[in-house]
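Peer 1: Below is a structure I'd like to ask you about.
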Amino acid sequence: MGLEKSFILFSLLVLVLGWVQPSLGRKPSVQDFKRQHMDPGSPPNSRPTICNQMMKRRGITKDSCKPVNTFLHESGQRVQAICSQRQMTCKTSSRKNCHKSSSTLHITDCNLKGSSKYPNCDYTTTNRQKHIIIACEGNPLVPVHYDASV
């Protein structure tokens, strides 16, 4: 009987690890970057609820309230071109694969309000024109992580 229980527990463990493992070591991808940050062709919207709508529509608040997110209102080509700028150390980590835009871009910063609790994620919306810093990987280099605005 003990051996049977051990086998069942082992089988469940293998099944759970099969579900969890792919996301553990998963590297950021250009698809994730696009889903979380790109909003080309859309001018910055001054509606105070636009962040709430975009975060939900893009599935960014599917499992929890993300504290901060930034949407880029520029063409994919313009953002991709940032990867050809001089390489630098990222602002939010010690990674050295970041690049800073040479000009300002239209962005929308979404910041979680302090009183907000999942699943009712509530964000403040701030439209800006700032330089951005992104991490790029691959050959050719493509954006995979939004690092900061400066």
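A Cβ is built for glycine as well, from the same backbone N, Cα and C atoms used for every other residue.
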Peer 1: Where Swiss-Prot annotates a disulfide for Cys90, which of Cys98, Cys110 is the other cysteine?
Peer 2: Cys98
Peer 1: From the disulfide entries in Swiss-Prot, identify which of Cys51, Cys65, Cys83 pairs with Cys136.
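Peer 2: So the cysteine paired with Cys136 in Swiss-Prot is Cys83.
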Peer 1: Let me make sure I read this right: Swiss-Prot says Cys51 forms a disulphide bond with another cysteine. Which one, out of Cys65, Cys110?
Peer 2: Cys110
Peer 1: In three-state terms from DSSP, label Asn69 (substrate binding site) for me.
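Peer 2: For Asn69 (substrate binding site) - judged by DSSP and reduced to three states - the answer is strand.
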Peer 1: Reported as an integer number of Å, what is the Cα distance between Asn69 (substrate binding site) and Cys51 (disulfide bond)?
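Peer 2: It is 9 Å, counting Cα to Cα.
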Peer 1: Here are some recorded positions: Lys66, His145. Which one has the most Cβ atoms within 10 Å of its Cβ?
Peer 2: His145
